[in-house]
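The annotation domain 'Glucose-6-phosphate dehydrogenase NAD-binding' is assigned in TrEMBL to B:28-211. Under the heading NADP(+) binding site, TrEMBL lists B:65, B:172. According to TrEMBL, the substrate binding site annotation covers B:202, B:206, B:240, B:259, B:364, B:369. Taken from TrEMBL, the feature domain 'Glucose-6-phosphate dehydrogenase C-terminal' applies to B:213-508. The active site, proton acceptor annotation in TrEMBL covers B:264.
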C-alpha cells in the first residue's frame, strides 16, 4: 500500500452527499490543505463476505498504481435489508507539500439492496471516467441482478480461477461477450499470461526461427496446481493464433491431451499440473529440429526462455514475469480498455476444448 | 513460404499486450570503459532485458583501449549496475544478460581494431543469432567521433546488405559551434546515410518532455489560444541548484550555452512552438522542429548585448548550505569567464508567433532544480469588476521537473460580499494520475533505436539550425573577459532581470 490510510469514523447508512462531503474531509491534511484527488478510473468491486478481506486488500494496493475511486460492494442478498457505508482514503505525499489521495467506499449491502447494487454504485461514480467492474465470484450472465450492475461498466473483469471449474467461468464470460448490452470482459488468469506469451512470441521473432512455428508438432504445458484456467487459455491462445483446429481431446482433467490439425502431421498438446511440491511451471513447444521452452521456478519472479537445437541451447533470455497476486493481476487488467480480441479468441478455443 | 512464416510469427505477437520486439542485433559501444556505458547504457539495456524488450539474439560489444577480458568487463559493469540502476537487481536476469556482453580491447583510431571487431561480430552472428544487424554507438570522447566513423567506413562496416541494418549513434555534443557541427555531420555522412544516424540527446527520451507534445496535440482546447493572438510571452526555465559537480575541465570548455541552451532548451523551444506534425513519426516531427529553428530571428553579433545575458555564480547559500564560487571549483581557472548562466530573448518569426518573445534561461547554483515552460496569456481586454486588482493574466505552466504537471493560473471570485477577484492556481500533477514506473530516458531511446524509430533523435539540419541561432552569441561572448557574477542561490544576475524589465515584464519565480 502506498501512502497513508485514513478512515472516516462512524459508518451506517449515508446519503451520496454525505459520502462526498466526508471523502473531501478525508483528503484534507493536518495543515488544512485539501489533498488532490487523482482518478483515472472508477473501479467497482463486487464480492461476498468471505473473500471481502482479500479483495479489499488487493484494491487498496491498487491505489498506488491506478489512482481511482473504488466502490467495494460486499454483497449478501440472503441477509436482512441493510446498507452500511465505510469510507477511506489512501493519501500519498508529493513534492511541494501536496498530497494525492485515492478514495475507497466500502459498502455492505444485504437483503434487497444487495440485489440492486447498481442503485448504490451508480451515484458514486466519478463522471467522465471509465468504469471497471471486478466481479469476484460466480455469476449468471442472464441474471437481472448481474446485468444491471454490469451495464454500469465499460469493462468487466473476472477471475476464472475462483469459480468451481474453468468451464463454468469461461461459459459465463463467453455469454457476456455475446451480449451486446453487456461490456467487454477480461480475466485475471489471462492477465498473468502476458509475460509468458511475450516470451513465447519472442522466441519465434527472428526470421530463421519463425519457420519452426509451422512445424510445431508437440506442446507441453506444465502448470501450477491452481493454474488450470491459465493453461487452458494459453492452449487456446496458441491454437487460435496459429490456426490449429481441435480434432480430439482425451485424458482426465486437469491432465488433458489434445490433438489439433493445422500443421502437417498435426499437433499433440499435453497439459497437466506439476507434481505436488514441484516448484516449476513450464511451456515447451517442439518442432522436428528445435525445442522452445519457457520455464519459471514458482518461487522466483523471473522466467527463462531457451531455444535448443539438437540438444544444444542456441538462444536464451531471462526476464521478469512480475507478481501474480490479485492486486498485480487486476492492475494489468485495468490497463486494458475495450475488447481484447486475442483473449476472446483464446477463450473461444478454450471453451471448445472444454466442450470436446 | 516466408510469407506464411511471418504470418505465423506475427500472429503470436499481433496484439496490443505483446510489444513489438526489436530485430536481433549487436551493439558495439566505442568508449566502453567510460562512465556513460557503465552508468547509463548497460543499466538501460539490462532493464530492457528484464522487461522482456530485448531480442533473444542480442549482444553488446564494448570497445576501448583499456586491456580487459570479457569477464573483467562484465564484472565492472555488474558493479556499476548494482550501484546505479533504479530498482532491484536480479541475479538470474544478470546471469542471462551478461552472457550477451563482450569486450574488445583496441584503439578506435587504428584499422586493425576493425578487422578484429568484424571477426568478433561474425562469430556473434553465428553463435548468438545477432542476425548481421549492427549498431555502432559512439560513447567515446567527441574528438574520436570522426576518426571512428572514418575507420568504420574504410572497413566497409557502414554498408548494409542482405536485409541487415547498420546504425550509428552519436552522443551530444554535436560539435561546439556551427562550423564544427557542419564538419562533424559531413564526416558522418561521408560513410553513413542520414537515416542510419541517430544523434542522441537524452532529454528527448524523458517522458516528461514527450508529454509536452501530448498536452499540445492530444487536447483540443489549447490549440486555438496557442498563438500570438492570445499569448503575451513564453518563459522557458532550466534551473539547477547543483554546481559543476567536479566537471570543471569539461565545463570550462562548454559553458551554459553549449551545455544546455544549444540542445535541451532549443528542444523545449521547438516542442512549445512547433506546428502539429501530421504524424508522430521521425520525419514529420523533425521537419516541424527544424521549421521553428529556421524561423528564430537571427541575432546580429553586434546586438547580442540587447538580447542575451550571461552570468557566473559566485559564492552563496543554497538550502542552508554555503557553496563556493565557480572560480573556486576544481579545474576552473581563477579568472574564468565561462558562463554558468545564460538568458536569451528569442523571437520565432512566423505566422503563429509573430511578436511573441520567448525568454529562455538556464543556470547552475540557482535556488532550486526546476524545468518549466510558462505560457503567459494576454490580459482580458476589459474587466467589469472594479476590484479585480488581484487578478493577473492567465499563465499555463508546463512543469517538466521535478514534479511533472500542468498548472493554470485563473481568476476567481474571492468569497464574501462584493466582487473581488484573485488569482488561484489549478494544479494537475501528471505523476499522480499515472503512477506507473517511468522508464529511464536511455531505456526508451535505446529501444527506439533498435526498432529504427528516429522520432526522438536529432537530425543533422536540426543540430546545425540550433547552432546557427547561437553562433553569434558564442562569438560575442568568446572575446569578453568579464562576466556578471550572481550569488549562488539567487535567480541569476541583475542584467537578466533588466532583459525583461526593458519589455515591461519580469521573470516568474518557478
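Including glycine, each Cβ sits where the backbone N, Cα and C put it.
Those TrEMBL annotations? Automatic predictions, nothing curated.
What TrEMBL annotates, mapped onto the structure for a quick look.
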residue: B:65; record: NADP(+) binding site; DSSP class: coil
residue: B:172; record: NADP(+) binding site; DSSP class: coil
residue: B:202; record: substrate binding site; DSSP class: helix
residue: B:240; record: substrate binding site; DSSP class: coil
residue: B:259; record: substrate binding site; DSSP class: helix
residue: B:264; record: active site, proton acceptor; DSSP class: helix
residue: B:364; record: substrate binding site; DSSP class: coil
residue: B:369; record: substrate binding site; DSSP class: coil
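Here is what falls inside 10 Å of the CA of residue B:172 (NADP(+) binding site) among the binding-site residues B:202, B:206, B:240, B:259, B:364, B:369: B:202, B:259.
Straight-line distance linking the Cα atoms of residue B:364 (substrate binding site) and residue B:264 (active site, proton acceptor), rounded to a whole number, equals 14 Å. Using a 10 angstroms CA-CA radius around residue B:264 (active site, proton acceptor), the binding-site residues that qualify from B:202, B:206, B:369 are B:202. Here the domain 'Glucose-6-phosphate dehydrogenase C-terminal' (B:213-508) returns a mean pLDDT of 90 for the predicted model.
Across the fold, the C-alpha of residue B:259 (substrate binding site) and the C-alpha of residue B:65 (NADP(+) binding site) stand 27 Å from each other. All protein chains considered, the CB of residue B:202 (substrate binding site) has 20 other CB atoms within 10 Å. Neighbour counts of Cβ atoms within 10 Å were compared across the recorded positions B:65, B:264, B:369; the minimum falls on B:369. For residue B:240 (substrate binding site), applying a Cβ distance below 8 Å and a minimum sequence separation of six or more within one chain yields B:362, B:363, B:364, B:365, B:366, B:369. Here the binding-site residues are B:172, B:206, B:364, and the one whose Cβ sees the fewest other Cβ atoms within 10 Å is B:172. When the Cα positions of B:202, B:206, B:240, B:259, B:364, B:369 are compared pair by pair, the longest gap among these substrate-binding residues is 21 Å.
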